[in-house]
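J.: A single structure is presented below for examination.
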Amino acid sequence: MLLFFILGLFVHFVFFGSIFDIYFTSPLVHGMTPQFTPLPPPAKRLVLFVADGLRADTLYELDENGNSRAPFIRNIIMHEGSWGLSHTRVPTESRPGHVALIAGFYEDVSAVAKGWKENPVEFDSLINESKYTWSWGSPDILTMFAKGAYGDHVFTYTYDADSEDFGAHDVTKLDTWVFDKVKEFFHAARNNQSLFSKLNEEKIVFFLHLLGIDTNGHAHRPSSREYKDNIKLVDAGMKEMVSILEHFYGNDGKTAFIFTSDHGMTDWGSHGAGHPSETLTPFVTWGAGIKYPQKVSAQKFDDAFLKEWRLESWKRQDIHQADIAPLMASLIGVPFPLNSVGILPVDYLNNTDLFKAESMFTNAIQILEQFKVKMTQKKEVTLPFLFIPFKLLPESKQLNIVRKARSYIKQRKYDEAVSLCKELIHLALKGLSYYHTYDRFFLAINVVLGFLGWTSYAFLLIIKSHFNLTRGVNKEVKKPSHLLSCSCIAIGVFVAFFLLLQDCPWTYYIYCLLPVPIWYAVLREFQVIQDFVTLLLTVPPSYFVGYLLVFILGIEILVLSFFYRYMLTAGLLAFAGWPFITQLWTRAKSISLSWIFFSLLLAAFPLMPVVGRKPDIFLVMGAGLLVLLLSLCVLTSLIKRKDSFINEELLLHLFQMLSVVLSMCVTYSTHSSLRKKQGLPLLNQIISWLILAFSLVLPLLSPTSLFERLFSILLSLMSTYILLSTGYEALFPLVLSCLMFVWIQVEQETLQQRGISCKQKVTSVRFTCSTDITQFRQLYLDDVRRAFFLVFFLVTAFFGTGNIASVNSFDLASVYCFLTVFSPFMMGALMMWKILIPFVLVMCAFEAVQLTTQLSSKSISHYVIVMSMTIVLVFLNGLAHLLTTKKLRLCGKPKSHLI
């Protein structure tokens, strides 16, 4: 059984890792030739302002008095430049947003493993192609482009990472620091001949990264006065920067300016997903080479933004975020970033038609070069008779379009040339996607085969171990056929040789070879399959169809709950009605009423807004008070029930109650301090970390009797959960745990109704490390229902207070009791623990269900693996076993007592 457990972990780790190999591999290729427009550029220098986390609507809209929050930018839109919306892509995070802006391609998800800070792969960028670049701002953003650049032409000026404090009194200092440093820089340049000469070179870039708006949005929400005032500050700061630059260069008209954002932000102060408030960012550009404002009488867009922003008369030109990189390269005449997939927005250019056509042609050749390299790479590692080229863009068509576009330019048919280049770009991008996903179907088929095989094997193992199918019918154990063994070996050798010929990565060998031994193990159990089918044929068809329909309905509810949280409410309502269709209602009304009450109470949570959208500190305090009230009731009950109550146990119980009180005080105090902009008090931070550290240790000091140990776990985890809560979600683990306590009683009651004797009452059951396997019984159909309940409760724990599948469900305010300085890994770990706490509570309760119903934990674990709740569940099962069975001794000999 241990071997099966280890094998199961390995198999599911492989399945989990396959997702990244199949869907999230890097799209980058190397080996292209740099391409640049062979005409003089309109600008000598470019200034890029990036207001991190700025929403387009908050910038463009007028305030309640009808005035603009950004008068300088609005003046640019109306009198000096062009504007529109920049459409970003998921994930809407700072790292991928800046990569799209400056490098022109959309970041692969592998960058998240490095906190969106370091370069997981090498890539080219506008900064690398520039002659000199000076940048000011956050160390998280600037350093990644400096490290990815060749040579020593990139100069960065960053503040300390600890300055990115969400609890600071005034986070606009992040932006004023940038503006002050830029002013000092240009002032010093007048007295530094070497620097002065560099600044007067061509093809230079100034990059100002402004993080204050994003920090204020996380700390106070985008609708807050702090967020909107920060926009005013940035607008005034940019006006001053433009004035300084123009004065420094003597108003030579050779400076191009771009103002945009890397991503937006939701109303509740988060980002990462694809909500329009996150993907729609402002884009304003002016200066050398940029068209002046164009007055129009009417514009057609699918939204009503123009009317809301009162900008109907000024032409709006929307672009994709990656299109900004080729635009900037075209303006200062540097080669387009080699990995860019952006399409040059020629309508923004104020230049000759020849320049536009040549720039578009350069853009097309640059993207076509990537397509050619990608095709060559895939062709070299694929057997000739298996290689399927991209049919929409064969080599002959490539040459034909390139020649025709060049001919149009010579004939001065510039519009036709631009149109033809756009067609070539779209075909090349489709081809890039085709070759990037070339192996996806092949790998997916192998992974699916492996998963189906493993599911079948786990199912057969349950049938073989816990159902009386073959006993008495065929006592001889048939040896597996030599033909089967030889066939599997032959298939494995063939697959390995096939992969070797194609020079495939080592991971491909795992995905393709793993199904072979798995299906061999399945086919070895052919006799079990036959016996099980025979058993199914004895079941009346009406019963079989009825059970099948119920099973499918249950699975559908689970699947739909991943997309629609209210489906969990529907499931819990069905759970509430379950006692009425069984004998439970007639035989145990008090337990049934408790089950119905807490099922209905828990059913309300999926109908509530996602956590973080409506924070309410008083609900958190209310949850703490309910925990304390419940603790007093439990303590009173234990004292009355026991003949003698050990001092150690009483002290432990009181200490855990004290932890809950401390959590409430720290949460309220931290909330109050941050609201007054006084930062996170050091004492609060220390207490929070101590409570977290002790939360997993204190339950191990409690008695191993079922009720006391489970309640000790609840108290410890609730003290941590309160620290991580911002609103109603603080009540969720408490209600969930109450339902879990009732579930334990319900399952023992249903077992007694089946005539299976339970030797102990729930109050006298103890968790133990060594389990008497003679107490285990065979599986019944009701055990499938128990396993389904487990899976449903786990999904409820996952989605009950938010849609965890969406990145923007995370609320940074949840971790403010522990830290306020930006630290992606630490903050992510804390938020992940908050998510796992309800899981732990469910798994601990199920550990008790297994014990009280004399059910083998191994068989249920197998079933849940079949239900695909795999790696995390196995880990949590082990954690639950540790929390419920282990006992720490502080000192002295253990004292025995009767319950």
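For all residues, glycine too, the Cβ spot is worked out from N, Cα and C.
Here's the feature list from TrEMBL:
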type	residues	note
DOMAIN	430-876	domain 'GPI ethanolamine phosphate transferase 1 C-terminal'
TRANSMEM	441-463	transmembrane segment
TRANSMEM	483-500	transmembrane segment
TRANSMEM	506-523	transmembrane segment
TRANSMEM	535-557	transmembrane segment
TRANSMEM	563-581	transmembrane segment
TRANSMEM	593-611	transmembrane segment
TRANSMEM	617-638	transmembrane segment
TRANSMEM	682-701	transmembrane segment
TRANSMEM	730-746	transmembrane segment
TRANSMEM	787-807	transmembrane segment
TRANSMEM	860-883	transmembrane segment
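Buried or exposed, and what's around them? Tell me for each listed feature.
T.: Residues 508-509, 512-513, 516-517, 519-520, 523-524 of the same chain lie 6+ residues outside the transmembrane segment (483-500) yet bring a C-beta within less than 8 angstroms of a C-beta in it.
Within the chain carrying the transmembrane segment (593-611), a Cβ under 8 angstroms from the stretch's Cβ atoms is held by residues 268, 561, 565-569, 572-573, 575-579, 584, 726-729, 732, 735-736, 738-739, 742-743, 745-746, 796, 799-803, 809, 811, 814, all 6 or more beyond its ends.
Outside the transmembrane segment (617-638), and at least 6 residues removed from its termini, the chain residues within Cβ reach (under 8 Å) are 645, 650, 653, 656-657, 660-661, 663-664, 667-668, 671, 708, 711, 714-715, 718, 722, 725-728, 730-731, 734.
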J.: Average the per-residue pLDDT over the domain 'GPI ethanolamine phosphate transferase 1 C-terminal' (430-876) and send me the rounded value.
T.: 84
